[in-house]
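K.L.:
What Swiss-Prot lists as GTP binding site is D29, H30, G31, K32, S33, T34, N145, K146, I147, D148. What Swiss-Prot lists as domain 'tr-type G' is 17-198.
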Amino acid sequence: MSPLASKALRPAATDPASIRNFCIIAHIDHGKSTLADRMLQMTGVVDSRSMRAQYLDRMDIERERGITIKSQAVRMPWELDGQTYALNMIDTPGHVDFSYEVSRSLAACEGAILLVDAAQGIEAQTLANLYLALENDLTIIPVLNKIDLPAADPDKYAAELASLIGGDPSDVLRVSGKTGAGVEDLLDRVSRTIPAPVGDPDAAARAMIFDSVYDAYRGVVTYVRMIDGKLSPREKISMMSTRATHEILEIGVSSPEPTPSDGLGVGEVGYLITGVKDVRQSKVGDTVTTAARPATEALPGYTEPLPMVFSGLYPIDGSDYPDLRDALDKLKLSDAALVYEPETSVALGFGFRCGFLGLLHLEIITERLSREFGLDLITTAPSVIYEVTSEDKKTVTVTNPSEFPGGKIVSVSEPVVKAAILAPKDYVGTIMELCQSRRGILLGMEYLGEDRVEVRYTMPLGEIVFDFFDNLKSKTAGYASLDYEPAGSQDSDLVKVDILLQGEQVDAFSAIVHRDKAYAYGVLMTGRLRELIPRQQFEVPIQAAIGARIIARESIRAMRKDVLAKCYGGDITRKRKLLEKQKEGKKRMKMVGRVEVPQEAFIAALSGDTEKKAK
């Protein structure tokens, strides 16, 4: 057994040969964070008393949902054959929406632990993360987790994993993050096989920013991986992309609580605090160098994450608009992938059009806005980016249905993605049926082992971003897993469906849908609004239209007073006169009356399963 390191190596004085930088990559729910907990405990960084499950997941939302959203970096000491190593572990998210977090973490590592659940086997996200790691030339250590489960079948999945990455099934380590079995062997394997970082200690300092978070008291905390040279406290540093200079107020390592040090040397992973309040000053992927002796060449950065899904966020109370702006600014600090710009809607007032990486990202951001900042928001139905070419050859980029141009349209192109779905072979039929109903085109199928299939489709992103994942899970009893990547765009027969209330368009309910599904969407929305809008003194028609053509209609019946109540018996002409008079009044009222759509109706219509249009 490897003993606890008698003393940890001091940051800034650590020989790069004793540093090991690695991350844990796996599909969602395969036990990354639990394994990280055991490592923290076994290396003695966190004592048993202050240990809690998912120690590194700091956000309430992460803990409640049991998912990791932000990567975390931790330095741990480990002793092997009389030599002490400094292991820098980066815990990464497993969800497809946060793959950019994973790619950033991989760029700061030399090795990766590929973790697979011994009861579930390889899943879509396992493959996606593995390919990311291979692109970064990382040394991969295959590991099966959860071997203590009664349903675990380590021999079968060890063979599957070995055939996937090439190697012998006996090389696949078997651990249990829950009981701690095999974790020491894993730490030994990490120390032995992951290459030490390479860098020039005498060159000009270069450090890569792989994450930055905002701390209310200390400003922006920037996580960096040193490549060359050394950084020390009170040194002036410069960001290579913005040329901004700052002074390092504090520099140190997370282990796992922030621990100040005398600096950072080659290959080390740590944090900097410069007292800057604007996170845009420390962009993820940027290179940090010293102002006195700047490096000439920046490190190759990452590609900026591109938003895939757009949605409007509007405060329910218009006076909260400045608070919403501040809240988004603060979230942007710790979430580089969030993009937003102000927009106004006739129906909803002032708000922001925000770009997200996917639906989970959208859900997490809206939940954080309501929790951390106490905002009540309306979220409009998510949409993707369309390129619309009109007859005069002008191309317009549309992220919001209200920007869809009128007049003759030559073509509309929408983004498509390559989707890979992994599931047990019994569900292939239902999966294909679902994908075809969403305009998917089959690319191919592959059997992984005797009972699991990978089905590959190209599909329009607009069909995936709503409820595709939920439907996929419910049709496959929760066994299927999905991964997708952008694959260009294609021209499609898309139309904008407007919802008219008493002949007036309500922009918040407009949607861009495929022509075949336009009627279903129109019927769904008009039916839903009929239930939600309160009855008026006059009849209110609710119509769905494509351009000037009405495709569906519902009416809200008028409320009417019983004007005949006072006539007891009496002549029919008297009754007719009163009824005609009432009818006349209703007609006049209809001409001048306006329909107020209550806030609740907006929320219910937009948040309800507005997207059941694909049924």
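Here the Cβ of each residue, glycine as well, is placed from N, Cα and C on the backbone.
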K.L.:
Among all the protein chains here, how many other CB atoms are within 10 A of the CB of S33 (GTP binding site)?
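P.N.:
Around the Cβ of S33 (GTP binding site), 26 other Cβ atoms lie within 10 Å.
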K.L.:
According to DSSP, which kind of secondary structure is S33 (GTP binding site) found in, if we only use helix, strand and coil?
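P.N.:
It is helical.
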K.L.:
In sequence order, which same-chain residues at least six apart have a C-beta under 8 angstroms from I147 (GTP binding site)?
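P.N.:
Result: A118, P154, R174, V175, S176, A181, G182.
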K.L.:
Going along the chain, which residues six or more apart from G31 (GTP binding site) have their CB under 8 A from its CB?
P.N.:
L115, D117, N145, K146, G177, K178
K.L.:
Can you see whether DSSP assigns N145 (GTP binding site) to helix, strand or coil?
P.N.:
strand
